[in-house]
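Going by TrEMBL, these are the annotated features:
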type	residues	note
ACT_SITE	ASP169	active site, proton acceptor
BINDING	GLY28, ARG91, CYS92, GLY121, ASP122, GLY123, SER124	ATP binding site
BINDING	ASP122	Mg(2+) binding site
BINDING	SER167, ILE168, ASP169, ARG204, MET211, GLY212, ARG213, GLU267, ARG327, HIS333, VAL334, GLN335, ARG336	substrate binding site
BINDING	ARG507, 564-568, ARG602, 609-611, GLU665, ARG691, 697-700, ARG771	beta-D-fructose 2,6-bisphosphate binding site
DOMAIN	21-358	domain 'Phosphofructokinase'
DOMAIN	438-723	domain 'Phosphofructokinase'
REGION	1-425	region 'N-terminal catalytic PFK domain 1'
REGION	438-820	region 'C-terminal regulatory PFK domain 2'
Amino acid sequence: MAQPDSKKIFFENLSGAGKAIAVLTSGGDAQGMNAAVRAVVRMGLYVGAKVYFIHEGYQGMVDGGENIREATWESVSSMLQVGGTVIGSARCKEFRTHEGRLKAAHNLVKRGITNLCVIGGDGSLTGANLFREEWSGLLGELVEQGLIEADAVQKYSALHIVGMVGSIDNDFCGTDMTIGTDSALHRIIEVVDAIMTTAQSHQRTFVLEVMGRHCGYLALVSALACGADWVLIPEMPPEDGWEEKMCQKLSATRSRGTRLNIIIVAEGALDRHGKPITSSFVKENRAGMKRLNIIIVAEGAIDHNNKPITTDYIKNLVVKCLGFDTRVTILGHVQRGGTPSAFDRILASRMGVEAVLALLETTANTPACVVSLCGNQSVRLPLMECVQMTQEVQKAMDEKRFEEAVKLRGRSFENNLKTYKLLAHRKPESELPTSNFNVAVLNVGAPAAGMNAAVRSAVRVGISEGHKMFAVSDGFEGFYKGQIKEIKWADVGGWTGQGGSLLGTKRTLPAKHVDKIADQMRKHNINALLVIGGFEAFESLLQLYEARATYEEFCIPMCMLPGTISNNVPGTDLSIGADTALNAIVETCDRIKQSASGTKRRVFIIETMGGYCGYLASVGGLAAGADAAYIYEEPFDIRDLQANVEHLTEKMKTSIQRGLVLRNENCNDNYTTDFIYQLYSEEGRGVFDCRKNVLGHMQQGGAPSPFDRNFGTKISAKAMQWISKKLVETFRQGRVFANTEDTCCLLGMRRRALVFQPVVQLKEDTDFVHRIPKEQWWLKLRPLMKILAKYKTSYDVSDSGQLEHVVRNRPRESDASVAM
């Protein structure tokens with residue numbers, strides 16, 4: 001299956017000849033900044049532009065000299081996996097003055113730089129936009145002072161700015177995710193997972209303070225990803241009396257046998273009176289808890305009166321009211337450190353390339369823009385619209401318009417908050433609706449990290465909707481054998497961080513046992529089905545849909561959630577488990593490449609899983625900085641292999657000492673991993689030696705990544721709400737009867753949104769022989785990997801981001817918030 005033809009050949013349409021681009025990182029550092037710098041440098045050089053580093057942010061621009069240096073291809077080698085920013089970042093008071101900006105303009109003009117790529121937060125980007133607006137005036141002053149020639153004003157008449165947001169707080173409006181956020185979540189979840197083991201041993205409560213002085217994103221998503229008992233964030237200060245409610249919640253959790261409680265607190269948390277919620281307060285009020293609770297507090301959490309809520313306050317509260325053994329952990333700058341995650345490397349690489357495209361397409365009238373992520377798509381938004389929206393959020397919080405602040409944060413933040421409220425706080429039995437519907441949930445196919453988070457979410461949302469939830473063990477094999485039992489709220493406690501499939505999963509398809517499965521559905525009165533799995537789950541739903549003609553038991557709402565590391569399910573850009581597998585691949589590639597550090601030149605051949613789907617090899621290659629990735633979807637022959645060897649040979653003759661080649665396990669029957677290894681070894685003799693590694697099932701194991709925990713949790717909650725809606729719609733004359741296409745759906749991420757799609761309509765989009773979709777979005781990322789590895793290739797820019805406007809998500813009357 002060949003890659004789609006490019007609609008635009010890059011060299012013919014967007015030449016960068018004669019242009020100079022400078023890249024700087026400003027403000028705080030964030031993991032993934034180096035990947036963005038690398039992408040800007042290499043994409044800029046690829047199109048023929050001169051590219052410069054500006055070291056130490058705006059301070060380096062003001063000081064000039066050696067702080068502004070021309071970049072080479074090799075100068076960004078081996079930085080993809082490095083955290084922080086290797087070109088440095090510094091806060092610069094001088095740049096805030098007119099005199100400082102005048103010096104900066106002079107330093108740029110001396111080098112002919114009129115294109116700036118700024119990686120930083122809203123303050124850095126606002127400063128860049130002011131610099132752009134003043135540019136012509138600054139040049140006029142430089143001419144008057146005799147520092148530049150008069151013709152320079154015309155030659156360098158406009159300064160073009162493109163921003164990328166690098167911030168672990170994810171506090172910038174207009175983008176679903178900022179560079180560094182996912183890596184920070186990795187650090188937090190690693191700590192939480194480690195704490196949970198010791199906390200369970202001693203039946204303790206843990207209060208965790210995470211960063212987020214003004215934004216509670218890290219605290220909120222961490223709480224979702226670890227199943228925290230309570231979370232305190234700046235955007236949603238707790239109502240008066242929250243202390244008693246929290247202690248009641250923790251006590252009730254312990255009484256059901258839970259040994260652990262977690263409370264997460266944002267560092268700036270306040271109560272509704274503006275009083276800090278500190279760990280000391282919690283300690284004094286703790287007198288009666290039992291074994292283990294975890295509370296996560298965002299560092300900026302406040303109550304509704306702008307009073308800070310600190311970890312000490314919470315600790316003292318828990319000790320005084322419940323008597324639980326309570327500990328406080330303040331994560332601090334560990335959240336900023338470490339290796340960037342696969343997600344951040346891919347995001348930063350995509351954004352860096354998009355930033356260069358945007359700079360090359362700018363005109364004198366083009367406003368400064370910021371490259372953002374919406375769903376799974378890159379977009380360009382006017383920089384100042386995003387800055388103004390971000391400032392509106394803080395203004396709304398200062399004025400205690402908290403519901404509006406949540407709306408202004410964007411749909412991603414709002415959906416996270418709604419999902420957390422839905423899952424974390426169990427209503428009393430007397431307050432639950434009684435639907436009298438039975439819903440079964442099962443896993444089908446190979447295990448994927450994040451499946452357990454999806455099951456937990458489904459069970460708890462289903463119970464909240466008034467349904468009786470049933471768990472099916474071992475997929476459809478367990479279904480026809482009657483391995484079905486009711487599953488309760490407490491049964492899924494602690495599931496979010498567990499890898500694999502706790503329900504058990506098999507590849508068995510239902511067609512051969514459809515009569516026995518129908519009997520079991522009748523026996524347990526199953527009214528709806530939620531299936532979580534990979535390609536086998538997709539095939540299973542198609543078989544059950546066709547079985548409706550014979551068995552009325554299958555005339556019920558059925559929904560599938562894609563869960564497979566291969567990411568080969570039609571109808572979705574992303575699948576639960578794929579991000580965890582990518583991180584496993586990237587971490588292993590980092591270690592393998594490091595093993596060659598200080599040795600002679602070496603090329604590694606790495607085999608990944610994925611069946612016939614090249615997602616893991618391609619996207620993993622982009623994240624790991626691979627030189628090539630062989631996949632089934634893009635046929636190759638011996639001439640391609642020879643060209644790759646020659647390419648690596650040329651690179652190895654320079655300063656590059658390590659090469660990385662990924663191969664999808666089923667990319668070609670004849671060009672096996674052993675064949676490619678032997679070919680590279682022979683042809684590279686005298687220049688480099690070669691090693692091979694088959695990653696195997698380690699890609700399926702391990703704890704799920706924060707992304708997979710969050711993704712599985714949110715789409716499962718959405719699926720259960722869809723099921724509830726369909727159950728009501730199809731309930732007629734005392735029974736559920738659903739036989740239309742739109743009652744048997746797959747819920748997938750398509751570009752910018754989660755979409756329910758009838759599985760029967762996805763058949764035409766599917767290559768059933770090779771178990772892959774006929775069209776796959778990530779194939780458009782393959783040229784990026786090649787470009788960043790110094791291959792000459794065509795690049796399709798037809799789908800690149802176009803300048804859009806910020807969508808203002810204002811609150812509606814029906815969107816009443818739920819008390820925490």
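Backbone N, Cα and C define each Cβ position, glycine as well.
Positions of the features from TrEMBL, shown on the structure.
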| residue | record | CB count, 10 Å |
| --- | --- | --- |
| GLY28 | ATP binding site | 22 |
| GLY123 | ATP binding site | 14 |
| MET211 | substrate binding site | 27 |
| ARG213 | substrate binding site | 17 |
| VAL334 | substrate binding site | 14 |
| SER566 | beta-D-fructose 2,6-bisphosphate binding site | 29 |
| ARG602 | beta-D-fructose 2,6-bisphosphate binding site | 20 |
| GLY611 | beta-D-fructose 2,6-bisphosphate binding site | 21 |
| HIS697 | beta-D-fructose 2,6-bisphosphate binding site | 10 |
| GLN700 | beta-D-fructose 2,6-bisphosphate binding site | 20 |
Check: same-chain CB within 8 A of ATP site center, minus GLY28, ARG91, CYS92, GLY121, ASP122, GLY123, SER124: SER26, GLY27, GLY57, GLY120, GLY127
Cα proximity to GLY611 (beta-D-fructose 2,6-bisphosphate binding site), best match among binding-site residues CYS92, ASP122, SER167, MET211: SER167
Most Cβ neighbours inside 10 Å, all chains, among the recorded positions ASP122, ASP169: ASP169
Residues near ARG327 (substrate binding site) in space but at least six apart in sequence (CB under 8 A): ALA199, ARG204, THR205, PHE206, VAL207, LYS315
Between HIS697 (beta-D-fructose 2,6-bisphosphate binding site) and ARG336 (substrate binding site), the C-alpha gap once rounded to whole angstrom: 30
Neighbours of ASP169 (active site, proton acceptor) among the binding-site residues MET211, ARG213, ARG507, SER566, ARG602, GLN700 (Cα to Cα, within 10 Å): MET211, ARG213
Residues that sit under 8 angstroms from CYS92 (ATP binding site) by C-beta distance, when 6+ apart in the chain: SER26, GLY57, TYR58, GLN59, MET61, VAL62, GLY100
Of the binding-site residues listed as GLY28, ARG91, ASP122, SER566, GLN700, the one whose CA lies nearest the CA of MET211 (substrate binding site): GLY28
Cβ-Cβ neighbours of ARG507 (beta-D-fructose 2,6-bisphosphate binding site) (radius 10 Å): 17
Cβ-Cβ neighbours of SER167 (substrate binding site) (radius 10 Å): 24
Sequence-distant neighbours of ARG91 (ATP binding site) in its chain (C-beta under 8 A, six or more apart): SER26, GLY27, GLY57, GLN59
ARG213 (substrate binding site) and GLN700 (beta-D-fructose 2,6-bisphosphate binding site), distance between Cα atoms, whole Å: 36
Protein Cβ atoms within 10 Å of SER124 (ATP binding site), excluding its own: 25
Nearest-integer angstrom distance between the alpha carbons (Cα) of GLY121 (ATP binding site) and ARG602 (beta-D-fructose 2,6-bisphosphate binding site): 39
Nearest of the binding-site residues (ARG336, ARG507, ARG602) to SER124 (ATP binding site), judged by Cα-Cα distance: ARG336
Surrounding CB atoms that lie within 10 Å of the CB of ARG336 (substrate binding site), all protein chains: 19
